[in-house]
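For reference, the structure discussed in these notes is given below.
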Amino acid sequence: MKLNEILLSIVTSLVLLVLNGCDSVINVSDSDVSNVAQSVAQHNHITATDRNQHFHFCGEPPVVVNAVSNLMRNQKHNVFKVGEIAIYSCDVGYEKVSGNEETQCVVTDGPNGVMSSRWQPIDLMCQPVKCSDPGHVDDATRRVTAHFLYNTNVVYECKDGFRMIGVPFMTCKADGHWNRPKPNCQKKRCPEVESVANGRIVYSDVERKTDSKLEYVCQPGFKLNALNAIRYCRQDDSWSDLQHMNETSLECLVVKCESPIRPHTGLRILPSRSKSGNSYKPGDVIIFSCDTSPKTKASSKCLTDGQWSRGPPHCPEKTNYCPTIGDFVHGFYNSSTNLSKSISIKVNTRIAFYCDDSYILEGSPSMTCLSNGVWNTSVPKCAFNEAVRQSQSSQLTILITSIAALVVIVFVISCVVVCRWRQQQVQRRRWQQYFGHYNHRQSKTNIMLNQNEMKCFRQTPPKPTVPVTDL
């Protein structure tokens, strides 16, 4: 028996060493301890009637949905002694619905009379925390998750024409309260506008909602110093700007009609200026008249809004004429319009000038009649072309030279002909002298005979001979 007691003491000491702070990686499960205890008991012949609880241990506490035990929260091992108690608490955002929150490691009778350890059953139930219904917001819609459970949101959205004041969503906290108060929806409206001197402001909507408008209304005889008098309430709850006519502040000024602008010459305005200067006050009347058409007259009245009742009439343009060109020596001209033999030429008429052959144009090749009845340039002239003169002189020189050369040639030829004729006459006289009047001319050969032959001819009386042919 002493040996059995020694073995049991050793096993018990080892288990207690593990439970009391051994942080090594040694995991002993409940079944392992039971098996060891049973083996030791069988080896030492310990019966089930020996209720020594030092041999029994429990494993991890049972798992509870959405809850955790204090033993598992601070767990350093997964073996627990008999009698140890596990206390459960619901997870964050969950709350207890029913059941017991505690369980204990106990020893119970097992099969075959063997003692075993286990955790007592636990029936704890936890469910998500639920916040109360936060309610609706006036002039807004909301989007919610059913039952307003933990960590769900409620989102608010203002209707058209309203703006959100505050954060548009709320979240259910773990303590069952909402994390912030509900927002508010406030009507979109623009602020009131300061009144202007000598005028008042008229709102189209008393509440000054978005897209509503205001209008500045001046007293009679006054006018707002801006290009328009209406402003609109914008989406950002501000009024649209006005385009001022100058850098001064917005105000209603005394109405004045400015002197009409003369769109063209020939228009007269009577009176040309009012007593107060270049501007006219409401009720003043002016008269328009045309210089070019005395019968064309019209009147206009200065109205209370600073505008004239009518604009100036259209005066017909005065027709001006330019003087005629007259004769254009050594040339001619044509125009863009049909020129008549009248004294004057119409405005905008354009005349082009051209010179005769052998003449060149000196001056502008064209003239235009301006609206004031004056030609834009002087009349050009046609002057004889010196190049043509020189060309003609050269041609005349060549002609005279050619004629002179021809005369010389004719003279030379004439001299030659006369000389030959005189020679023939001399020869003829000689022939007649020696041969008498013969019907045929003597051959030149016979004439050129020497003197001996001539002597012979003188001694021999002439005989009828056969005619000698000419050379």
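The backbone N, Cα and C atoms fix where each Cβ goes, glycine too.
Record features (TrEMBL):
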| type | residues | note |
| --- | --- | --- |
| SIGNAL | 1-24 | signal peptide |
| DOMAIN | 56-128 | domain 'Sushi' |
| DOMAIN | 129-187 | domain 'Sushi' |
| DISULFID | Cys158-Cys185 | disulfide bond |
| DOMAIN | 188-254 | domain 'Sushi' |
| DISULFID | Cys190-Cys233 | disulfide bond |
| DOMAIN | 255-317 | domain 'Sushi' |
| DOMAIN | 320-384 | domain 'Sushi' |
| DISULFID | Cys355-Cys382 | disulfide bond |
| TRANSMEM | 396-421 | transmembrane segment |
With helix taken as DSSP H, G or I, strand as E or B and everything else coil, how many residues of the domain 'Sushi' (129-187) land in each class? 3 helix, 26 strand, 30 coil
Cβ neighbours within the same chain of Cys382 (disulfide bond) - under 8 Å, at least six residues apart: Phe328, Val329, His330, Gly331, Cys355, Asp356, Tyr359, Ile360, Leu361, Glu362
Measure from the CA atom of Cys158 (disulfide bond) to the CA atom of Cys190 (disulfide bond) and give the result in Å, rounded to a whole number. 17
Same-chain residues at least 6 apart in sequence whose Cβ lies under 8 Å from Cys158 (disulfide bond): Val137, Asp139, Ala140, Met164, Cys185
What are the DSSP helix/strand/coil residue counts across the domain 'Sushi' (188-254)? 0 helix, 26 strand, 41 coil
The one of Cys185, Cys233 whose CB sees the fewest other CB atoms within 10 Å, among these disulfide-bonded residues: Cys185
For Cys382 (disulfide bond): DSSP state (helix, strand, coil): strand
When a 10 Å sphere is centred on the Cβ of Cys355 (disulfide bond), how many other Cβ atoms does it contain? 21
Test of understanding: give the count of other CB atoms lying within 10 angstroms of the CB of Cys190 (disulfide bond). 23
Its residues classified by DSSP, the domain 'Sushi' (255-317) shows 0 helix, 23 strand, 40 coil
Per DSSP, what is the residue tally for the domain 'Sushi' (56-128) in helix, strand and coil? 7 helix, 35 strand, 31 coil
